[in-house]
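Notes to accompany the following structure.
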Number of protein chains: 4
Amino acid sequence: MSSGVSNNSADLRELRADFDGDTLHEECGVFGILGHDDAAALTALGLHALQHRGQEAAGIVTFDGDQFRSERHMGLVGDHFTQQETIDNLKGPYAIGHVRYSTTGEAALRNVQPLFAELDGGGIAICHNGNFTNALTLRRQLIRDGAICQSTSDSEVVLQLVARSREKKIVDRFIEAISQMEGAYSLVALTRKKLIGARDPYGIRPLVLGDLNGAPIFASETCALDIIGAKFIREVENGEVVVCTPGGIESYFPFGKRPARPDIFEYIYFSRPDSVLNGHSVYDVRKRFGRVLAQESAVEADVIVPVPDSGVPAALGFAAESGVPFELGIIRNHYVGRTFIEPTQQIRTLGVKLKHSANRAQIEGKRVVLVDDSLVRGTTSLKIVQMIRDAGAKEVHFRLASPPIKFSDYYGIDTPVREKLLAAKYDLEGMRNYIGADTLAFLSIDGVYRAMGHENGRDNENPQFTDHCFTGDYPTPLTDLSDDVDTRQAPRLVETG
Amino acid sequence: MSSGVSNNSADLRELRADFDGDTLHEECGVFGILGHDDAAALTALGLHALQHRGQEAAGIVTFDGDQFRSERHMGLVGDHFTQQETIDNLKGPYAIGHVRYSTTGEAALRNVQPLFAELDGGGIAICHNGNFTNALTLRRQLIRDGAICQSTSDSEVVLQLVARSREKKIVDRFIEAISQMEGAYSLVALTRKKLIGARDPYGIRPLVLGDLNGAPIFASETCALDIIGAKFIREVENGEVVVCTPGGIESYFPFGKRPARPDIFEYIYFSRPDSVLNGHSVYDVRKRFGRVLAQESAVEADVIVPVPDSGVPAALGFAAESGVPFELGIIRNHYVGRTFIEPTQQIRTLGVKLKHSANRAQIEGKRVVLVDDSLVRGTTSLKIVQMIRDAGAKEVHFRLASPPIKFSDYYGIDTPVREKLLAAKYDLEGMRNYIGADTLAFLSIDGVYRAMGHENGRDNENPQFTDHCFTGDYPTPLTDLSDDVDTRQAPRLVETG
Amino acid sequence: MSSGVSNNSADLRELRADFDGDTLHEECGVFGILGHDDAAALTALGLHALQHRGQEAAGIVTFDGDQFRSERHMGLVGDHFTQQETIDNLKGPYAIGHVRYSTTGEAALRNVQPLFAELDGGGIAICHNGNFTNALTLRRQLIRDGAICQSTSDSEVVLQLVARSREKKIVDRFIEAISQMEGAYSLVALTRKKLIGARDPYGIRPLVLGDLNGAPIFASETCALDIIGAKFIREVENGEVVVCTPGGIESYFPFGKRPARPDIFEYIYFSRPDSVLNGHSVYDVRKRFGRVLAQESAVEADVIVPVPDSGVPAALGFAAESGVPFELGIIRNHYVGRTFIEPTQQIRTLGVKLKHSANRAQIEGKRVVLVDDSLVRGTTSLKIVQMIRDAGAKEVHFRLASPPIKFSDYYGIDTPVREKLLAAKYDLEGMRNYIGADTLAFLSIDGVYRAMGHENGRDNENPQFTDHCFTGDYPTPLTDLSDDVDTRQAPRLVETG
Amino acid sequence: MSSGVSNNSADLRELRADFDGDTLHEECGVFGILGHDDAAALTALGLHALQHRGQEAAGIVTFDGDQFRSERHMGLVGDHFTQQETIDNLKGPYAIGHVRYSTTGEAALRNVQPLFAELDGGGIAICHNGNFTNALTLRRQLIRDGAICQSTSDSEVVLQLVARSREKKIVDRFIEAISQMEGAYSLVALTRKKLIGARDPYGIRPLVLGDLNGAPIFASETCALDIIGAKFIREVENGEVVVCTPGGIESYFPFGKRPARPDIFEYIYFSRPDSVLNGHSVYDVRKRFGRVLAQESAVEADVIVPVPDSGVPAALGFAAESGVPFELGIIRNHYVGRTFIEPTQQIRTLGVKLKHSANRAQIEGKRVVLVDDSLVRGTTSLKIVQMIRDAGAKEVHFRLASPPIKFSDYYGIDTPVREKLLAAKYDLEGMRNYIGADTLAFLSIDGVYRAMGHENGRDNENPQFTDHCFTGDYPTPLTDLSDDVDTRQAPRLVETG
C-alpha cells in the first residue's frame, strides 16, 4: 500500500496457496458517510485510502431516498469506482463501502460487501471488518429455521439476525443481532434514515468517527479521513454503537463498558503508517519498535537495510538507535501487480527477484542488518537472505520488529494455519537456520508494550492489547472451533461462474 | 432461434425499451437430468436447443455427491458453456439448467437461475419457466417474517417457502411450497438425491419427460431431447409432480386432476417448429394456422411472402391453401446479433433494414400477401410494409396467423403493457391504417381452435387452451395486480455493478 | 447471412481446420463512398449488408481533408462499427471499407483492410476482393528491391507498386500497379481527392456503382446499396477503372475491352439472394438452378427439403418443377455464432445437430429429397443424411444445385486443397456411398449455363463464366503456383500477439 | 518502478495531456539474448526489470531457426508475458525485446517494437532506445522513393534503410543504415544468425553487455542482468557495434572513437537505483547529489522529507550531510496504477492526494525540507507543498537534486515543450513563488559534475555528459527541427481502432 512503509499483505497473499482455506476469515476496510452530495465519490476515495486493508474486491451501497443502490466489483477501487458511470449509478447522499481481502475459492461476487437485506418497510446494508467466531454455529441454526444464506461470508449472519429480529426499531434490531455475535467486528450499516457504526466489546478492529462539513463519517483508519480533507473527531469506543441521523449522533453501550483491547497487529503491520490509532502515530510506533529492537538485540554491523516496504520505519528506528547507517539495500519493483496471476515456470523459479532486487553497491562486503516487521512462514525471508548473500554481504543479521507469531488469528487477519507458522514449528535457532541468517532476533513481547508506552510491559492480568498471535491469549470464545460444531453437514454451493 | 421459422422474441426484445418494466415477467427454458456422467455437458446442449426461450442468461447447477456446483452467466449458452473449464467445474451426474430472457434493468446476475438454497442437512436448486401471479404478495409476507431475498425474481419465493417449510421430507416441503403459488410454472428442481419436475395445475407452460440410456430428463420442449438423442417418454401432466431418483420415478398429483389448459402461444410462436407439444408438431400446427387463415381471409394476389423467420410455416400453409406461389420476398440478415447494443443514430433510423431486406425481384409490380405469426405493437410491421412498398409492390396485404393480441400476459411471456398493444388501441381498420397495408386480416379465435383439431372451435365454458392474450380470460387469479397489494413499500436494492 | 437463403460460408469455415492453409486466399466485400457527411456510418451499413462475404474482420478508412483515419477490428461489423465513438473517429466525407474472411493463423490485425500507404504529398488506402495469382512472385521482387511488407496479404503488393511507381498522377500510378497484377480483383481505393473502383480484365469478382443523393458509391453487391437507400447505376465493367472526384466520374479501360467472364460461383452460393448481378436476380437464378436440376434428375419423392439456409431457393425451384411439396424438414439453430470457438469434446461429437435439427414430423416415413447448393468436402452432407435417416426417412435423395467441385479456387474463394474436395476424390457412386444417400445427383455444367439463359449451354471456346472449380479452366495464369516460385525462402514473421 | 527510489516517469506521464505531442519522442528499454533455450522467458524477465523505462507496451521477437515470431502488446510486461501460451509462441533460442513509453494518440500497436522487416533471404528485427533527430527528414525521402512506412515511429527509418541497403552482408547493411542516423540510440537487432547491439557515437543512451552461461546478452541497464543472474561483462562503448554469433563476439567502430558523453539524466532519475552505469552505482550518485545539494543550499530545519519514491536517495544524502533527521513524511499509495484512466471530476480535484498523503505526525509544527530529484512543470510540486502546509508544517523548503530544466529533450526522454517547463518560464524567485515554498534551491550544474567525481565541475570545452536539458548544449544536430523540414506535408493515417 503506502510507499516505503507498507504492510505485508502481499506477502500473506502469496502464502495463500498453502492455506487450509478457512474461507470465513478476511481482513477488510470500511467507510460510511451521511448527508453529502458526493457521498459515493467520497466513499470511493475513502476506500482507496483503505485499499491496503483489502485488494480483492470493493463495494459501495447508497440510499437515494427511494431505493438502495449497489455497485460491487472484484478488483481494486481504482479499477471500477473511478468511472463516472459507476459513481452516477450510486445516487444519494448516504453511502457505505467496503474493501475486501479474501482467500482463494471464495472470491465470488456474492461475498463482496456491503451485504443488503430488504426489510419490511425498510432495508439495511452492512459492511464488516473483523471476524465472527461463532458465525458458523449461528448459521447452522438460521438454516434450520428456514433462512436462505446466499453468501458464504460470516458477515451475512448478522444481516440474517437483523432480518429476523422482532424488535420494532431498526437500531434495536441491529443491537439485538450483534449481541448474539462473538469475535471481532467493526461494522458500518446503512438504513433508510441512519448511518450506524459499531465496534466489538474489546475494540479489536479499529473504527474512527470523522466529519466533513457537518456530514458524519465512519472509517477504519484516519488516513481515509485525510484523503478527503475530513476532520478526525474521535475513535468509536470498544463496545459502542454510534447512530448518525440528519438530526444528530447518538451513542449506545449495549454491553456495558470495559477496558479496550485493540489488536496490536494494527500497529505492527496492518494500518497505514500515516494513520493515527488511539492517539499513536503508526509510523512513530513502528520506529519505536525498531529502537527497542536495537536496544534488545544490538549487533555489530555496517548497514541497516529494511525489507521494503513494510520494514522501513522500524529500520529507520533501528538505525537511529544503533548509529549504523540506513540504506535502501533492497529495491522493490512495483510493477508486479498482476504478474503472479499466471506465472510461467521460469518466472516462478526466480521467486523473490521479481519483486525485490539487491542494491549490490550497498551490500557487497558489508555486515548487513535486515529489518522486517514480522515473520510469518519464513519462505520470503529465506529468499531475501539468500539474495543479500548473493550480492556479496559479509554477514546477514535478521531482525524482526515484532515477537514470533506462534498462533493463528481468528479475528479477521488471514494467517496461515498454525502448522505453517515458522515460529510454531521451530525454536529461535531452528528459525535462524531455516532462513539462513547469521543471527536472528525478534522484538520481545514486553518490548512491544514498552514501545507502546507501557513502561512495565504487558499487564498479564489485564493485557492492554489483543496479542494472541504471539501469546495464544484469545480474548473471546472461539465457538466455531469447538468440537461440537460440525461446519460441513449441509452441502454448500460452489459458485465458479 | 430456428431458421426460417423462429418466434418473434427478437421483435419483442426490441420493444422492451418502451416497456413499463414489470420486471418479474420473463420467458424461460428448463432442463434437468439425473444420473449421467456427462450431466453438465448434456444440460448445456439441451439449453442450447432451448436457446430460443431465453437469450440473456444461462445457468447450470450440478450435484457432485458432496457439493452443489454452479455456473451462471449473462449471454448465450454457447458463449460460456462450450468451454471445457466451465463444464469441468460442473462435476457430478445430476444437473439442472435454465435459459432466461429478462427485461432491462433487472438483468443482474443475482436473478440468473438455477437459484439455490442451503437447507438443514441438504440443499435445493430450482429452475422456473412461467410466472407466479402472487409472488409479490408472498414476498412481502416472507420479508415481514425475516426472510432475506437476494434476487428480485419471482422464482425465489418458492425457494424461500421450501426453506421455511416444517415438513421433514424434501418432496413434501416442495409440494407445500408450490401449493401456495398461483400462476404458471414448469419447475425443475435438484436436491442431493432427487430430480423433480412439476407443472402448474393448468399445465400452462410446457414440460416433457425423456430418457437417455436410463437417465430421466426433464425439458421444456422435445427439441432438447432430440439434440442429445434422448427418447421422448411423455408430457409431464398439468398439476403433476414427478420425482426421479436413481431408484425410479414417482408421480404425485397434489392438487387433484383437472383438464389441462396449455398456453396456445407456445404453438403460435414460442416453441421451436420441430418440437412436438401434446402430440402436435408445432410446424404442422403453424402451417394449419396458415391454411385456415387463407380460408378465412383469402385475397387475390401474385405472391405469398413470409415475414422471416417466424412467418414461414404459416405462409407455406397459406400458399398451399390459396394456390398462390410462396417466395422469400424478404431476406433476413443473421449477423445483427449484437448490433443493437450501442447503435449509432444513423443506424437506428434505418431500422428494420438492418435485419430485413426486400428481395426486390420477387416484389416489384406484384400483389403481395405478407404473412406473420402475430402482431404485437405493430412498429416492425409498419416498417416492413413500407419496405415492401418501396421495393415496388403493387398491393400489400397483411395476414396474421393468430388473433389480435388485446391483453397482456402474466404467465411468463414478456408482453408490453396493454396500452402498447396495437390491437388494444385500434380496431381492425385502425390497425390496417397504422401499418399501412391495403388489407389486414387476423386468424379468428375459432380458427385457431379448429386448426388445433377442435372442429367446433373454442369451448367457451371450458376452453381447451390458455388464450387470455386474445380473450382476456386468465385461468388463475392475478393476485399481485389487485389494489390491495402495495408492491413497492420496501425499498429495493438496484444492483448495477 | 440472409435468412432461409444463405451461402455456405459457415460450412466452409468449419472445414478450415483441415486446410493446407495457403493463407493468401480469402473472400471479401468492399464498399466506398465519396462526398457524404455520414460517409463512415453509411460505409458501416454497406459492410453490414456485405457481412456474408467475410465475417472475421472489418475496417474503414476515411479522409477528413487533412488526415486519413482508420478503424480496423477483428469480428463482425456490428461488433465495433455500431459504437458512436468508432464512427466519430472516422471523420470526413470520403470513406472506403472492407469485410474479410481469412484462414486460420493469419487472422492478424495487420492483414485487415483497408491497407494504407503514405505517399509523397499524399496517401492511398486500398480494399481488395479477389486474389492476385502472382502476388508472391512480385512480393519476392519487391523485397529484393528493399520494400518492407508489413502484412502477409496479397493485397499489399498493389499498394507497394503504387508507392514505387514513378508516375506523377495517382491514377496513373494506380493503373501502372494493377497492370502488373494477375488474377481476380475488385478494388476500391481512396486518395485525398479521389475514390477509385476497378475490376480485373475478366470481371471475375463483382463490383457495382451506385449513387446516394449525388454521392458516388462502389459496392461488391447491390444489397449494400439497398440498405442505405442508394440507387443502382451500373456494374463496373470488366477491366474498367472508374475514378470519382467531387467534379464527376471518369472511366478508363487500360487493358482494352474484352468479353466479361464473371465467376459463376457468385450465383451459386456467394452473393446474397436479394442482390442483382449483371441483371440477374440471384434468388431467381438459384430457383432456376433448382428447376433445371429437377428436370435433369427427377426422383419419386414425398417431400423436398432444403439444407438451410443456402439450399432454400433451389429447393423451392425443385419443388415447383417437380410438384412435390416443399417443407422445412431441417431447422437451423441460429445461436451457434460463437459456439465453435472452444467446443467441449462432448459438443464436438454431436456435430451437425448444434446447427441443424431434423423436423421429424415432416421426415418420418417419407421419401425425402434433400437439396443443397453445392458439395465441397461432403463431411456436413454426410451428417445431414444420417440425421434425416435417424428421423425416420424412408429414402434420402441428395440433389446439388451445381456441378461437382473438382478444382480449387485461386481467385478469392477459400476452398480446400484439391485432395480434400469430395468430387476430386470420388466418382458419383463413390460420393453417394460416402454421404450415404440413396441417390445423388448434381446439376450439369450445361444445366448451369441454361439456367443462366444460355440456351446452348457452355460456349467452350469462349466460356461466358469463370467456372474453373467445375472445369479446371482457369482464365488467368497461376504464376505463383509455377515450380519456379519458391514462396518460402525468406523467413516470415509469425505474429501471434 | 523501484521502491522508495523511483524515477519520475509517472509524474511526466501526468503531464502528457498538455504536451504538444511530438509523437516520435519516447523513452524505452531494450534487451537481447543469443543462444539460450529459455530466450523468450529470460527476455520477458529482463524487460520486467526494465519496466521503469516504459510502461505502455512491450514486445518480444524470437527466431526459431525457421521463422521469426512476435508478440507485441499494450500494457505491462507482467500483463502478457507471464502467460505460458505467450512464451510458448515465442520459440527459439534467439530473442530481443522492448518496453516502451509513448505519448498519447500514437500508442497504437503498430508502433510497438521490435519492428520487423523481411529481407531477401533473411529478416531483421530491431529495438531502439533513444531518438533519431533526423528521422522525419529521412522518412520524407524514403516515402518519395516509394517506401511504405507502416508505423509512425522514428525507429522504423533505420529498418527501411537496412532494407534498401545494397550491401551484401547484414552487418554492413545495418552499419550503412545507422551511419545515416543522427541523434541518440541504443539499438538491439536480431537476424537469422546474429544478435547486434549498437550505441550512438556519444553513447547518450545506456547499453551493457552481459553473459549467462555463455549466452551473450544486451540490456539497457545492469538490473536486467541481475534479475536473471547474468554476469555483467562491460558497457557497449559509444559508437560501437557489437555483433554476437554462436561463434563469438565481434566489435566494430564504424564512426571512429571519441570521448563518450552519456546522458546525465540517467543518473538523475531515469535508471534504476540498483543499476550500475559506467562504474557508478546510481543509488550512490543520487545520494551524492543530495550531499552536494546540502552543502550548496543548507537550511535550518527539523526534518528532511523525500518526495517518494524518486527523492529518497538524495534525501538520505541530504540528511546525512546536514545532520537533520530523515523521515518518511509523505506516504505513497501504490494502488493508483490504473486509477487515472477515467477519473471522475471529484477524484481529479483531489489531485496529488490519491498518490501521496502527508504523514502528519512527522510534519506538524516542523520546519520541513522536501527533497525531490528534479522539477519539470512544477504542477505536482505545487500540490505537494500545499499538502505539507495543510499538514501543519511551520516552514517548507524545497530542494531539487538537479539543476533547473530549461530545455526540452530530443534524445528519447518525453519532456514537455519548452514553454511548459517551469524553469523556462520563471527565474528562481518566480519558481519559488509558483510552488509556494518558503525557499527553493537547485543543485548547481557544477555540483552535478562534482558529485559525479569531476572535481573541477563541468568541462565546458568538452563536457563529460550530455546535459542539454540544463544547458541547452545539444551534442548532435537537430535536423528535424530546422525550418527546412516540413514534417506534415503528407497526410498520415490516424489509427484509432
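Positions of Cβ are set from backbone N, Cα and C atoms, glycine also.
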Given that TrEMBL assigns D:Asp372, D:Asp373 to the Mg(2+) site, pick the one from D:Ser310, D:Ser322, D:Ser357, D:Ser408 that the record assigns to that site as well. D:Ser310
Counting other C-beta atoms within 10 angstroms, the emptiest spot among the binding-site residues D:Asp372, D:Asp373 is D:Asp372
Can you see whether DSSP assigns D:Asp373 (Mg(2+) binding site) to helix, strand or coil? coil
Residue, out of the recorded positions D:Cys28, D:Ser310, whose Cβ gathers the largest set of other Cβ atoms within 10 Å: D:Ser310
Please state whether DSSP places D:Ser310 (Mg(2+) binding site) in a helix, a strand or coil. coil
What mean pLDDT does the predicted model reach across the domain 'Glutamine amidotransferase type-2' (D:28-247)? 92
D:Cys28 (active site, nucleophile) and D:Ser310 (Mg(2+) binding site), Cα-Cα, nearest whole angstrom: 18
Hey, how far is D:Asp372 (Mg(2+) binding site) from D:Cys28 (active site, nucleophile), Cα to Cα, in Å? 23
Between D:Cys28 (active site, nucleophile) and D:Asp373 (Mg(2+) binding site), how many Å separate their Cα atoms? 20
